[in-house]
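K.L.:
Following this message is one structure expressed as C-alpha cells.
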Amino acid sequence: MSISVLGAGAFGTALAISLAQNGPVTLWARDGEHARQMQATRTNARRLPGVDLPENVSIDADLSLCLAADLLLLAMPMQQMGDFLKTHAEKLGGKTLVSCSKGIDIATGQGPTGLIRAHCPGARAAVLTGPSFAADIARGLPTALTLACTDHSQSLQTALSTPNLRLYRTTDTTGAELGGALKNVYAIAAGTVIGAGLGDSARAALMTRGFAEMLRFALMLGARAETLSGLSGFGDLVLTCTSSQSRNFKLGHALGANEPFDQTITVEGVATAKAVSKLAQSRDIEMPIAAMVTALTEQKISVNDAVQALLARPLKEE
Ligand SMILES: NC(=O)C1=CN([C@@H]2O[C@H](COP(=O)(O)OP(=O)(O)OC[C@H]3O[C@@H](n4cnc5c(N)ncnc54)[C@H](OP(=O)(O)O)[C@@H]3O)[C@@H](O)[C@H]2O)C=CC1
Ligand SMILES: O=C(CO)COP(=O)(O)O
C-alpha cells in the first residue's frame, strides 16, 4: 500500500520516519523552499530538528504526485483541514484519508471525519490518534495509538503499524477524534494550574473533572465510553496534562505563570476550547473547565478569578 503524508510538520515528519520502516513514504511540504531544505539536508530543521530522514522518505512539494498514493495521512493543523479538503476534494474522492490532527473545526463544529464526509463524500475516513509526541515516534521509542475507521479495517491497521508503533483499532471514529481534541483543552488547564503554582493535587482534580467533561460531551455526541477510557482519550489526557513536552501544557503554563508565549506555535486546544464551549452551550452540556479555558485564552478572565469561579461552583455528587 503506497503512503503519502500530507503536512511536513513535526507529527507528519515523525509518522513518515516511522512508516519508512515498512516501505517508501512520501512526505508533502506545502512550501517548496522547505521541501528543498529537507531534500538537501535530510532533516526537517524547521519542525523536527535533530532527527535524520531515512532513505525511504521522499520529500515533495508537488501535491498532485503525492495524491497518487493509496493511503493519505492528513497531518496539518485542524483549522487548516477544511480548506485543504475543499480545495482538493476532486482528487481526494476515492482515497483512504487518515486524519492525524487533533481538534474541532471552529467554523463548523466538526471533527476530522465530519469534514472529510462533508467535503469528500467518496473518500474513506479514518483517525489516527493517541498519546504520542512527534519527537518520541521519530526516535523510535515505543508508542501505542488508536486507529479508528468505521469499516474495522485490519489491513489499514497492519499498513500503519511499525515495529515500535503499535495500533489498536476501533470503529468508534467519533470517540477517537473527540478524545484527541478535548484532551488538549484540559492540558491547557493543567499547565495553567502548574504554572500558577497551585500544586499537583489541584492538577489531579482538574484532570479527573476534565475527564468527566470529556466523557459527558463525547457520549452526547454518540461516542462509546470505552473509547474515551482508551489511548485516544484517557491515555492522551494523562500524557499531555503531565508532560512539559506538550505545547498545550506549555501554553497553559505560560498563562499560569504570566509569561509570554510564542503565538506561532501550533496549540490546537485554543480553537478547540472555543468550538467545544459553543457546542456545549447549544446542547446544554455542562463543561465548566472548558468554558474557563476559553475565557482564559481569550483573556476575558484572570487565572485567579477562573480558579475561584471553579471552586465556588455549587457542591454536587461526583
Ligand atoms: N507534534 C506532536 O507531537 C503531535 C501532533 N499531533 C497533531 O498533528 C497536527 C499537526 O501538528 P504538528 O505537526 O505538530 O504541527 P507543526 O506546527 O509542527 O506543523 C504544522 C504543519 O502543517 C503545515 N500546514 C499549515 N497549514 C497548512 C495547510 N493549509 N495545508 C497544508 N499544510 C499546512 C505547516 O506548514 P509550514 O511549515 O509550511 O508552515 C507545518 O508543516 C495537529 O493537529 C496536532 O495536534 C498529534 C500527535 C502528536
Ligand atoms: O497530541 C500530542 C501528544 O499526544 C501532542 O501534544 P501537543 O500538541 O500539546 O504538543
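Note that Cβ sites are derived from N, Cα and C of the backbone, with glycine treated the same way.
This is the feature table in TrEMBL:
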type	residues	note
ACT_SITE	K183	active site, proton acceptor
BINDING	F11, R30, K102, A134, R247, E268	NADPH binding site
BINDING	K102, G130, S132, K183, D236, S246, R247, N248	sn-glycerol 3-phosphate binding site
DOMAIN	3-153	domain 'Glycerol-3-phosphate dehydrogenase NAD-dependent N-terminal'
DOMAIN	172-308	domain 'Glycerol-3-phosphate dehydrogenase NAD-dependent C-terminal'
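Situate these features within the shown structure.
P.N.:
Around the Cβ of K183 (active site, proton acceptor), the same chain contributes K102, M214, G233, D236, L237, T240, C241, each under 8 angstroms and 6 or more positions distant in sequence. According to DSSP, K183 (active site, proton acceptor) sits within a helical segment.
Here R247 (NADPH binding site) comes close to I265, T266, V267: these same-chain residues lie at least six apart in sequence, with C-beta atoms under 8 angstroms from its C-beta.
Counting Cβ atoms from all protein chains shown, S132 (sn-glycerol 3-phosphate binding site) has 23 others lying within 10 Å of its own Cβ.
A mean pLDDT of 98 is what the model gives for the domain 'Glycerol-3-phosphate dehydrogenase NAD-dependent C-terminal' (172-308).
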K.L.:
Which residue counts does DSSP give the domain 'Glycerol-3-phosphate dehydrogenase NAD-dependent C-terminal' (172-308) for helix, strand and coil?
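P.N.:
Tallying H, G and I as helix, E and B as strand, the rest coil: 102 helix, 0 strand, 35 coil.
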K.L.:
Enumerate same-chain residues with a sequence separation of six or more from A134 (NADPH binding site) and a Cβ-Cβ distance below 8 A; give 'none' if the list is empty.
P.N.:
G9, A10, F11, T13, A14, L48
K.L.:
Can you name the binding-site residues among S132, S246, N248 whose CA is within 10 A of the CA of E268 (NADPH binding site)?
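P.N.:
The binding-site residues passing the 10 Å Cα test are N248.
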K.L.:
Quiz question: given the binding-site residues R30, K102, which has the greatest number of C-beta atoms lying within 10 angstroms of its own C-beta?
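P.N.:
Selected residue: K102.
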K.L.:
Among F11, R30, D236, S246, N248, E268, the binding-site residues in the record, which have a C-beta under 6 A from ligand 1?
P.N.:
F11, R30, E268
K.L.:
So if I draw a 10 Å sphere around the Cβ of S246 (sn-glycerol 3-phosphate binding site), how many other Cβ atoms end up inside it?
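P.N.:
I get 24 for this one.
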K.L.:
Would you mind pulling the longest C-alpha to C-alpha span across K102, G130, S132, K183, D236, S246, R247, N248, which the record has binding sn-glycerol 3-phosphate, in angstrom?
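P.N.:
Spelled out: the longest distance between any two Cα atoms in K102, G130, S132, K183, D236, S246, R247, N248 is 15 Å.
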